[in-house]
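Peer 1: First, the structure itself, so that you have it in front of you.
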Amino acid sequence: MVGKIKVEGVVKRFQQQNAEEVIALSGIDLRIEAGEFVSLIGPSGCGKSTLLRLIAGLNGADEGKLYIDNEEIKKPSYERGLVFQDPMLFPWLSVYDNVAFGLKARNIYKTNHAEVQKFIDLVGLSDFSKSYPHQLSGGMAQRASLARALVNHPKVLLLDEPLGALDAFTRMNMQDELIRIWKERGTTMIMVTHDVDEAIYLSDRVIVMTPRPAKIERCIDVQLARPRARNNPEFLSLRSKILEILHFTGTVTEPNYYL
Amino acid sequence: MKTVNAWLPALSAILAILVDYGVGNIDKHMPAKHPYFMYLLVVLLGVFTISALLSYFNLKVKKWIEDRSLFIAVTILFLNIINIVTKKLGLLPVIFFPTLDKILSIIVEDRDFLALCLSSSGKLLFTGYIFGAIGGFATGIAVGFSNSANYWISPLIRILGPIPATAWIPLVLISFPTTFTASAFLIALSVWFPTTVMTSSGIFNVRNAYFEVSSTLGAGKYYQIFMVGVPAAMPHMFIGLFNGTCASFITLMTAEMLGVKNGIGWYINWQKEMMAYANVYAGLIIIAVTFSILITLLFKVRDNVLVWQKGVIKW
């Protein structure tokens, strides 16, 4: 199994416009096993998206180091696929060409082009491969953007609130879709979310982060059998446990997570 | 507009034919060899009678003619009025306002020479345009993606760009070996500036997330520039090209009127000095038709390249 992530003593600061420093991450240590499904949850400003961007290699850490399979992360790579809340499909390319983008960029399209259709089928967009992004609904666009990241066979898939912009029903469908893809591919998944239910429903482990200073508050193992029921008593008790952690730490004056 | 009759253009043409045939001419004008305006009206009458008849059988033709019939009818009426004002009544100074017969006769009888002028203008325009557009793309992309190119070239663009290309004429005409190269350079310059500015601003405006996504998909620097930055900036580039095209027409005409010794702009200027205003109008009509065709072509190319934009941005 590949796709083990190690984060060691990572500190990240941002300069504000008035030259004040904001500490986005203060000394994060984290290990994510290969093939694990992990959620990062917490209120705005807790640094969960920043941590994801560091793992992706889009930003560098000010202190500390990040590793994937014991290799230091220095820049973005196709090995760590990224899916944003906004699908960010290239509007000038059809769904097919969007999904083929990674293979073409890596110059392996000729030998691997069968993969493109395979992943379009996997996310259920077989009939839309010739459509342009503006012709797709939000859920379909997000599926396409999943296929685009998956076609590269990433070791780790980073999901930054991937379902945040979808309506409740599409969202629940997409959650099942994510689980199905994760089981089928065995890719390590790291997902940022605001939604406690979503985190418990999907993950092996929920990492709760708190702001000011942005740090990991607690890691909670979700030992529930899959497929999970959202109204299972254990599910509900985990849910209130996480909510309590976010409530009683005292650093958040106002609850700004979404229920 | 639905009630507008498909027969209106044909009726308007018949009216014009009746006027031209029935009303006597004033004898201040030099008569043309043939009644060309009458020929034109007969052709128009034929075309619009057939399309009016076809509109009963074909929905496409019906839609086409019904959308435009009022406009076409009024246009023919306008020509009719010009005909009355010039050939029939001579209300305007005859030297500056020749008859439509005379203007059309120039287009027909002088066609070989006009075609020669047009082709030499075309050669000049395309030479300048190609160099200007390629140079504009190259500079725009360099400025958009390279910090050092931005640092060194941007001020240059800001200072030199807004100077109208035609203002360089005195300098350029003496520093280039031929008037052709000099004019081609001026046209290139006038296309280069808007293309450069719009290309670089298009690239500056590309959402950074597109580059981030493409880098996590395994795209290298140059792949990102040409497969993400350039296509994303394409709508801006076409605006630049469009502005450049308009500027190139102005520069072409000015260059031909001031320095170059052939081409359609030169023809108009020459005929003006000979007080042959029928030829001037003939030249203007040819320019109008040609330039409008060129702009339409550019729009067609744009619609094909930017097919993905339909529904995103309305033009």
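For all residues, glycine too, the Cβ spot is worked out from N, Cα and C.
Here's the feature list from TrEMBL:
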- B:118-299: domain 'ABC transmembrane type-1' (DOMAIN)
- B:6-24: transmembrane segment (TRANSMEM)
- B:36-57: transmembrane segment (TRANSMEM)
- B:69-86: transmembrane segment (TRANSMEM)
- B:128-153: transmembrane segment (TRANSMEM)
- B:165-193: transmembrane segment (TRANSMEM)
- B:276-299: transmembrane segment (TRANSMEM)
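Help me picture where these features are in the structure shown.
Peer 2: Sequence-remote contacts of a segment are chain residues at least 6 beyond its ends whose Cβ falls under 8 Å from one of its Cβ atoms, and for the transmembrane segment (B:6-24) they are 35, 37-38, 41-42, 44-45, 48-49, 51-52, 55, 62, 65-66, 69-70, 72-74, 76-77, 79-80, 83-84, 87-88.
Here the transmembrane segment (B:165-193) has Cβ contacts under 8 Å with residues 124-125, 127-129, 131-133, 135-136, 139, 157, 241, 244-245, 247-248, 250-252, 254-256, 258-261 of the same chain, all six or more residues outside its ends.
Remote same-chain partners of the transmembrane segment (B:276-299), defined as residues 6 or more beyond its termini with a Cβ less than 8 Å from a stretch Cβ, comprise 95-99, 102-107, 110, 114, 117-118, 122, 238, 241-242, 245, 249, 253, 264-265, 267-268.
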Peer 1: Going along the chain, which residues at least six beyond the ends of the transmembrane segment (B:36-57) come within the CB cut-off of under 8 Å?
Peer 2: 6-7, 9-10, 13-14, 16-17, 20-21, 64-66, 72, 76, 79, 83, 87, 99-101, 104-105, 108
